[in-house]
Amino acid sequence: MNDGQATISVGVADSGIRPLTQDDLPRVMELERLGHSHPWTEGIFRDCFKGSYRVWAFVYEDELVGYAIVSYQFDEAHLLNVCVHPNFRGMGMGRKLLQHAIAVARDDDLACMILEVRKSNRAATLLYRSEGFQQIGVRPKYYPGPSGGEDARVMELQFT
Ligand SMILES: CC(C)(COP(=O)(O)OP(=O)(O)OC[C@H]1O[C@@H](n2cnc3c(N)ncnc32)[C@H](O)[C@@H]1OP(=O)(O)O)[C@@H](O)C(=O)NCCC(=O)NCCS
């Protein structure tokens, strides 16, 4: 399996993707609270520093501005979280993080990537569709929300 230790140039000046470390967690929590209506706790992130996860940081001018969390289950990569700081959105960083996570999962010989996304999350849905993900189902009331929960689209990208 690819341990993903190398920093990879992603085509944005002074930027790169590297594995996330536990030292990044204070900054990750800052971004997480800005990015999600129901943010993960630090404990959830800590549980992701295990062998069956791939955790990625997008660094711009020495500052962590985005991250992606992927869990490997059997031959499936599950994209659990991807987030870019609001000030850095629309610059291609979310796409680079996603493409990197996909490339590593392919390299690790997995068969597909699966994810859930809120039905109302247009930006993320368009990103996933433009990278070839297709909707394969809906999980009713999967996400907490003000009026009893919000449905999730389940999307999949087959690697073969
Ligand atoms: C989803 C998210 C990660 C995208 O990151 P980003 O760096 O802004 O995305 P990019 O600049 O790489 O854009 C990639 C594509 O996403 C879509 N997109 C991004 N922002 C969009 C917006 N405001 N409206 C519509 N589409 C948008 C477009 O298809 C875009 O491609 P294009 O630039 O060729 O049109 C970011 O919006 C974010 O962090 N959101 C909060 C957390 C979240 O919802 N995460 C996903 C669910 S876990």
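Glycine too: its Cβ is placed from the backbone N, Cα and C atoms.
What TrEMBL says about this one:
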| type | residues | note |
| --- | --- | --- |
| ACT_SITE | GLU116 | active site, proton acceptor |
| ACT_SITE | TYR128 | active site, proton donor |
| BINDING | ASN121 | acetyl-CoA binding site |
| DOMAIN | 15-160 | domain 'N-acetyltransferase' |
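Long-range neighbours of ASN121 (acetyl-CoA binding site) (same chain, six or more residues apart, CB within less than 8 Å of its CB): none.
Highlighted here are the recorded positions (GLU116, ASN121, TYR128) whose C-beta falls below 6 Å from ligand 1: ASN121, in sequence order. Looking at the domain 'N-acetyltransferase' (15-160) alone, the prediction's average pLDDT is 96. The two recorded residues, GLU116 (active site, proton acceptor) and TYR128 (active site, proton donor), have Cα atoms 10 Å apart. Residue environment of the residue listed as 'active site, proton donor' contains 23 other Cβ atoms, counted within 10 Å of its Cβ in all protein chains. Assigned with DSSP, the residues of the domain 'N-acetyltransferase' (15-160) fall into helix, strand and coil as follows: 46 helix, 59 strand, 41 coil.
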